[in-house]
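Everything on this sheet refers to the single structure shown next.
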């Protein structure tokens, strides 16, 4: 409902009003709002009702109840009267203004993190783990190293040249066996003790293809000068 500025109801806003209902109850509260149906909103409202005695000899007594915020229906309203003027603090801002004088307190920003000088709580022994970025193994130890890396080979070569024993990591096998003069090639059995191992192929010739033509097999003496050697493998000897 559109209410004009000259309405009498607007003149009583924030006043203490006494509202009498049809059943005889009286509501006294601060008048805050209304509508076209005369529904009222009262705050800090108190209810007063008269209680009739059981005997005619006793006087009628009045009972008070504190209600607070009340929405009062207009159909039950009989009359409204002004009980008192508006409170003195009506219209005063609850929030302090920018130019208002400050109080004795000191405004400080909310702290972030742990304040200085406060000891850090320590975890029980056995439950404290490594803090990220503090302590723990170095980056070189945590770097994964594969078999036959260039760094491992260079370190082993440097240690062997210096005469220090080379240490190999556990679980990756021991050092490779030394390749001596009489060591058998891979895949062949070693000769019995006391027997000279067979001679390997000459330099520059791939193993496993036999000896060149005109040369005896390993372990045999060459023929005397002027005499033909044995025929090559796969050929029949000449007839006499």
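Note that Cβ sites are derived from N, Cα and C of the backbone, with glycine treated the same way.
Features as listed in Swiss-Prot:
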type	residues	note
COMPBIAS	174-205	compositional bias 'Pro residues'
COMPBIAS	214-240	compositional bias 'Pro residues'
DOMAIN	4-86	domain 'Sm'
MOD_RES	108	dimethylated arginine
MOD_RES	108	asymmetric dimethylarginine
MOD_RES	108	omega-N-methylarginine
MOD_RES	112	dimethylated arginine
MOD_RES	112	asymmetric dimethylarginine
MOD_RES	112	omega-N-methylarginine
MOD_RES	147	omega-N-methylarginine
MOD_RES	172	omega-N-methylarginine
REGION	175-236	region 'Repeat-rich region'
> Under DSSP, the domain 'Sm' (4-86) has how many residues in helix, strand and coil?
Replying inline: 6 helix, 47 strand, 30 coil
> Given the model, what does the mean pLDDT over the domain 'Sm' (4-86) come out as?
Replying inline: 89
